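Student: Right, I'll just put the structure down here and ask away after.
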Amino acid sequence: MLFFTFLLACGAAATTGAVFKPGAWYASLAKPWWTPPNWLFPLAWFTLYILMSFAAMRVAPLEGSAQAMALWSVQIAFNTLWTPIFFGLKRMFGGLIVIVFLWSSVAATAWTFWQLDPIAGGLMAPYVLWATIAALLNLSVWMMNLTGPRGEKVAMKRAAKARAAEEKAIKVAERARAEEEKVLARRKAALEAAEAQKAVAAKAAADKAEADKTVAAVTDKPQGAPAE
């Protein structure tokens, strides 16, 4: 019975996800490359709600569990609050503040659960991991989509970085072109040298042929013939 009571509380948190859907606004935002696919979010939360309900069911009857269960209630409250702020009001920074408190309360809940029941603490571990990913995603999306003076400053920094990268690429291309021109010049010089050697060899061969003809003419001349 306790399990379904806690699962009902999780269901209330899940309902906000059905009411405040990401929609076109979220789709239009710049996101980091490692953003999980959309289909993974409902599957992950369904699994986590089952796990955290089992964990709470194990801890609730234990002696000295009041603080742990209070923390569990706090984290589910922040869990419920985040979706309306981020998706409903479209407040990325507001969502970031909430998710920081959510992560802190989830981590504290997992730790207190572990002290009372290691199995319950282990059941909360995937929630801590997912909350970490969600917090980093919220932070990344906020930073990548800043507006106003701060957003302009970030945009200017990005533009400066892009410009510097472009200039660096141009310099690299120019160096590569210069090296290519040097290689072509060396090849041209080698070809010209080869042509010059060929011309010298051809001239030497022609001179030798002419000399051979002269020698042959002198040798073949009859003896006693008057000299020309």
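Quick reminder: no glycine exception, Cβ is built from N, Cα and C everywhere.
What TrEMBL records for 38-57, 93-114, 126-144 is transmembrane segment. As annotated by TrEMBL, coiled coil applies to 156-197.
For each listed feature, how buried is it and what is near it?
Tutor: Within the chain, the transmembrane segment (93-114) has long-range Cβ neighbours (under 8 A, six or more residues past its boundaries) at 55, 59, 67-68, 71-72, 74-75, 78-79, 81-82, 85-86, 120-125, 127-128, 131-132, 134-135, 138-139, 142.
If you look at the transmembrane segment (126-144), the same-chain residues 6 or more away from its ends with a CB under 8 A from one of its CBs are 29-32, 35-36, 44, 47-48, 51-52, 86, 92-93, 95-96, 99-100, 102-103, 106-107, 110, 154.
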